[in-house]
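These notes are about the structure you will find just below.
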Amino acid sequence: MPSLRTRREEAEMELSAPGPSPWTPAPQARVSDAPAVTHPGSAACGTPCCSDTELEAICPHYQQPDCDTRTEDKEFLHKEDIHEDLESQAEISENYAGDVFQVPKLGDLCDDVSERDWGVPEGRRLPQSLSQEGDFTPAAMGLLRGPLGEKDLDCNGFDSCFSLSPNLMACQEIPTEERPHPYDMGGQSFQHSVDLTGHEGVPTAESPLICNECGKTFRGNPDLIQRQIVHTGEASFMCDDCGKTFSQNSVLKNRHXSHMSEKAFRGHSDFSRHQSHHSSERPYTCTECGKAFSQNSSLKKHQKSHMSEKPYECNECGKAFRRSSNLIQHQRIHSGEKPYVCSECGKAFRRSSNLIKHHRTHTGEKPFECGECGKAFSQSAHLRKHQRVHTGEKPYECNDCGKPFSRVSNLIKHHRVHTGEKPYKCSDCGKAFSQSSSLIQHRRIHTGEKPHVCNVCGKAFSYSSVLRKHQIIHTGEKPYRCSVCGKAFSHSSALIQHQGVHTGDKPYACHECGKTFGRSSNLILHQRVHTGEKPYECTECGKTFSQSSTLIQHQRIHNGLKPHECNQCGKAFNRSSNLIHHQKVHTGEKPYTCVECGKGFSQSSHLIQHQIIHTGERPYKCSECGKAFSQRSVLIQHQRIHTGVKPYDCAACGKAFSQRSKLIKHQLIHTRE
């Protein structure tokens, strides 16, 4: 093999030989100008039909009629030979390091394909010895550039022209749809002849690579390796942004692209600031409290919280702020400006964050989920409040009584108990309330609105709490049980009131007479004795009553209804209390005993009346004559003397009496007759 120096001298001699100037432009005959013919691989590789000359130049498997066999010197260079050529070319000079032509293809082509077929001007063709050997000297490579510029050879994949330089090589590395080297087995095509040579060693359909796990066949070893990673579960490629791992590097690259497409940035500085959010590095530390930040701007904003200075002051009310952005938002309160408008319903907001939160009411989006119970919320603040249900945290404490609350709104409402503040006033009757919800419920008295409807019977209620109590009638549920006697109740309030029977606790006292009650409702009813209020009136006779239950019982006199019947004797009563009292006649039960004399009574009212005998008290006084009585019933009978009322008539003779006992005695006269 001739030495490198000898070849360089031969090239220089060729350049100095007399003849036409090598820089004279000559008409270039391109391969694409040759007549086109079809070949078996044209459909598979997707390239247009080629001429015989082009086919032989780019496809070593194609044979012309006069070239039946391929000789050894026409074969493609092995990769080892190419590597050796590259190493030898790199040793020539540092001045020509960037001009090394990686794959010398001209010398690898069939003898019938000359430089003329590649469009090289006759004056710029390489010496025959160099074109056959495939070695290029710097001087010879200079022939291929020259004053014509680096546009003498075409890249097969593009219309642009390049010289034999890194420009052509870089172009040939770009993936393209056109691969001018069709593979005659399977119709595959390749961009470079070296790729085709490497492909010839890939297993064919006759000798595939088979996965031992699933039996799937592959045509390449890399595909088989990736398939085996799927079976082993190995995930060696981790995403730096989200921490997710992947078994293939290509999938990881796609993942990186998805992160980059999620957020767009105006410049490199914005992108760098954004990347600091993913990094755990926080180099900016507050000297006051030690809190660290990833950005210097965030630190500066935070440091203003330690400063008492509030340089941004509102011209309307004088309120000061540490940040100008907070002042701008505040000023919208005075101006009424609401620049952020919902595209769905048209509702406007002063802050963009409020619009984002509001928009979730239309979309139903609830991105904040509780890790304990899975309940989802549309706002992070609502999630934090909810999580206190699980933790039991009650950070807000009343300064007056020490009672803690999980929400600051509940503390504010509670504090009005101590201050007596009632800021919510009814515009119809002037009644004031401490809570807005109480005012809303109260207004339903005036409007008659009953929005809460029972889905079983259709009955409507003004309050949801009353509906819940009503629904227990249908279910029969009594979840509240007394721990002392085992009695069950449908409502917790009823259980609390019942427990006062065992404890003797009567926290509700009358301010007029000092009488105490176990229930607040009983105190309210009792106070009507002092006020004389009787708001419930009978529509039949006009009689009024202090309690609604008493009116209902009275109306049974007019309609004759006696729904409460004794299962022993069949006697019916218009009141359940009268039935209970009557049943003690059959049982002989007298649970109420006088502590003074030991006498027993079936009714508590009878015991109370009896105890007055021992005390000598006469609380019932006649307003006409001033006479006092120990029992209310005796006073009523006495008052008939003054009024002349005789409600008890004899059915036999029609005589009337003021007392029932006198009527009974009179009726004995008729029975004797």
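Each position is counted from 1, following the chain as shown.
Quick reminder: no glycine exception, Cβ is built from N, Cα and C everywhere.
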Where Swiss-Prot places zinc finger among the ranges 53-75, 145-167, 536-558: 536-558
Zinc finger range according to Swiss-Prot, out of 169-191, 284-306: 284-306
Annotated stretch (zinc finger, per Swiss-Prot) among the listed ranges 20-42, 480-502: 480-502
Interface check, the zinc finger (508-530) with the zinc finger (480-502), three or more C-beta pairs under 8 A: yes
Cβ contacts the zinc finger (480-502)/the zinc finger (452-474), at least three under 8 Å, sequence gap 6 or more: yes
Other CB atoms, at most 10 A from the CB of LYS478 (N6-acetyllysine): 14
Counts by DSSP class (helix H/G/I, strand E/B, coil) across the zinc finger (424-446): 11 helix, 4 strand, 8 coil
For the zinc finger (284-306), the number of residues DSSP places in helix, strand and coil: 8 helix, 4 strand, 11 coil
